[in-house]
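**Q** I'd like to ask you about the structure that follows.
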Amino acid sequence: MATRPGPLTEWPWHRLGNFKYVVMAPVVAHGARRVMRNGWGDLDIAFSLILPSLLLRMIHNQIWISLSRYQTARSKHRIVDRGIEFDQVDRERGWDDQILFNGLVFYAGYLAMPSVRRMPVWRTDGAVVTALVHTGPVEFLYYWFHRALHHHFLYSRYHSHHHASIVTEPITSVIHPFAEHVVYFILFAIPILSTIYLGNVSAMGIVGYIAYIDFMNNMGHCNFELVPEWIFQIFPPLKYLIYTPSFHSLHHTQFRTNYSLFMPFYDYIYNTMDKSSDELYESSLKGTEETPDLVHLTHMTNLQSAYHLRIGIASIASKPYSDSAWYMWTLWPLAWLSMVLAWIYGSSAFVVERIKLNKMKMQTWAIPRYNFQYGLTWEREPINDLIEKAILDADMKGVKVISLGLLNQAKQLNGNGELFRQKYPKLGVRIVDGSGLATAVVLKSIPSDAKKVFLRTGTSKIARAIAIALCDRGVQVIMNEKEVYHMLKSQIPENRASYLKLSSDNVPQLWIVHNIDDNEQKMAPKGTIFIPISQFPLKKLRKDCTYMSTPAMRIPEEMKNIHSCENWLPRRVMSAWHIAGILHALEGWNMHECGDEMMDIEKSWSAAIRHGFLPLTKA
C-alpha cells in the first residue's frame, strides 16, 4: 500500500480474495454457450486465445519467480545483497491481478471490435509496426509518466507502493495500484490498436507483444545479472535498446535515476542514467563467490510440498504447510510430474534458501526425494549417496557445519549420520543431527510442576535422553512398551530407576510421543497434552486435547531473508534440528553430533537463548 493511498488504489475484486478468478466467469460462459450451440468450430482464434494466454502468462511469471529465487540463493551474480521479508511477499501476492484485468479488457475489446475476430495467426508487417510504435511513443510516454509518478504528490499516493520493495523479485514488476495499471494498459494498447487500425493485427503479434512485456518486466526485477557482456560487444547500440537487471535495480535503490521502461535510450537523452550503471553491471556479472558457514539438509515431504519450498509458489511458501487447502488439489498433476522428474533426474541436492544472521551465512539444500521414498528399502542406498554427496560438496566448499533435517538423519537410513562420520573420519565439516537441542526444547515445554508423564516414543536417542532427564528430575515416567521399557531401565541410574514405570493404567494427561496411530490417540484421556519429539507433526484427531508444536523455537530479529515457512511451522519459527546446526557454527563447536553422540542438553539450550532464539511455549 502507498504511504498515502489515493483513489483507485485497490483492485475492484480485492474483497473476493482467492475467489477473484470468478471475474472471468463471463468469458467462460460465453465460450461454453457458443460451443453448446454451434460446436468447437464456432470459436475463432481471437476468442480461443483469451483464457489460454492468461494461463501461459501465469506459468511464465511463475517460472521467473522460481528461477530468481533459486539464483539469488546460490548465484554469485546477485545484485542487491539484502533480504526479503514476509511483508513483501504479502504485498506482492496479488501479482496475477493485472493478468485478470488484461483478460477482462481483451474480452471487452473482442466484443467491441468485431474486426479482430477475423485476424490471422501472424502478420510480419504488424509485428514491425508493433516494434516501432513501442520503441517510439510507448517508451517515450512511459518515461515521462514514470518521472511524474516520482513527484511527491503521485509518489506518496500511488508509486510508493511499488518502491516499497527495494530488493526486487520478478513479480515486483507488476505490483502497482490499480490506477497505475489502467495507465500502463492504455500505453501498451497503443501498438495493438495501431495494428488494428492499419489492418495488420495478428493473434501471435498480440500474444508475442504481451509475452515480451512480461519477459522484460520479469528480467528487470529478477535481482541477478544474466545479460551476457558479449551481446553488447557484438552490437554496441543494443545497450540503448535493452536494459539489464542491474540497470533497473539502481532505480529501486537510488529512486531518481534509470526511469526507462525497457530501453535506456531515454535516460541517456534526458541525462537521468545512473552514473554507476555500467560499474554495477560489470561487478554483478563478475560476481563474488561466497561460502556458507552452515548448510541445512532437508527434503520434500509429500507430493504437494514442492510448491511449499521457497523456490516454489511464493504465497504458499510464506504460510505453514497444509495439504487441506482446496486449491492445492488442482496442482496434483504438476506435483506428480515434478516427483517423477526429481526421481529420474535428481542427482544432487539443490539450494532452496539463503539466510543471514549478522555475519553468518547459511543455506538450505534439498535432497530431491520425498517422504515415501525414504521408506523404500531399495531407495536407501541411492538416498544415502545423495546425502553423502551433499556432505562432501559442503566439505569441499569449506562449510563449517551441515545439519541433517527430517529423514536425512533417520536411524534406519544412516544411523543418525554416523554412517558418514565412520566412512570419512577426516571430514572438516561437522555433521549435526540436532538431538541435543531437540531434547532440550521438549524438556523445557514440560510444565515444571508435572509429576507424571506418559512416554510413547520408541528407542531413539532423544527418547532415551528425555526419559533419563525426567527421572533425574523426579518425574514419574510411565510406559506401556515392554521392550522399550527394559531397554531404558538399563540406562537409568539405580537411584532413579524407580521413577520409570511399566503400566497401562492411570495414564496421565501429559503425553510425550513420537509417532502414534489414531487408536492410541483415542485411548488418551480427555484434556491430554501431546508433546511430540518427532520432526513431523501429529495428526490432530482429538478436539478435546492439546497438540504442541514439534520441537522448534522462534528465531531472532537479526536473522534476515526469512520469507518462507519451514514446512508446517509458523512464520519466523525454525525447527530445533535446524537451529542446532546454527548454534554449532556460531559457537565453533568441534564435535560431530551424530550416531550416539549428543550435545549437552543445557549447553545447547543456553546457547540458543544467548543467541536470541526463544521458546514457543513457557513451561
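Yeah, the Cβs are placed from backbone N, Cα and C, and that goes for glycine too.
Features from Swiss-Prot:
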type     : residues : note
DOMAIN   : 138-272  : domain 'Fatty acid hydroxylase'
TRANSMEM : 45-65    : transmembrane segment
TRANSMEM : 94-114   : transmembrane segment
TRANSMEM : 126-146  : transmembrane segment
TRANSMEM : 178-198  : transmembrane segment
TRANSMEM : 325-345  : transmembrane segment
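Describe each of these features in terms of where it is and what it packs against.
**A** Sequence-distant contacts of the transmembrane segment (94-114), counting only residues of its own chain at least 6 positions beyond either end whose CB sits under 8 Å from a CB of the stretch, comprise 11, 13, 20-21, 23-24, 26-27, 30, 46-47, 50-51, 53-54, 57-58, 61, 171, 174-176, 178, 181, 185, 196, 210.
Remote same-chain residues near the transmembrane segment (178-198) are listed as 6-12, 97-98, 101-102, 105, 113, 115-116, 123, 126, 129-131, 133-134, 137-138, 141-142, 145, 149, 158-159, 162, 205-206, 209-210, 213 (criterion: CB distance under 8 Å, separation of at least six residues from the stretch ends).
Distant neighbours of the transmembrane segment (325-345): 18, 300, 303-304, 306-307, 316, 368-370, 373; these residues of the same chain sit at least 6 beyond its ends, with a Cβ under 8 Å from one of its Cβ atoms.
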**Q** If we skip the immediate neighbours and take only residues 6+ beyond the ends of the transmembrane segment (45-65), which ones have a Cβ under 8 Å from one of its Cβ atoms?
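**A** Contacts with the transmembrane segment (45-65): 24, 27-28, 30-31, 34, 95-96, 99-100, 102-103, 106-107, 110, 116-117, 119, 121, 169-171, 203, 206-207, 210-211, 214-215, 218-219, 222, 313-314.
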**Q** DSSP on the domain 'Fatty acid hydroxylase' (138-272): how many residues come out helix, how many strand, how many coil?
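**A** Across the domain 'Fatty acid hydroxylase' (138-272), the residues distribute as 94 helix, 1 strand, 40 coil.
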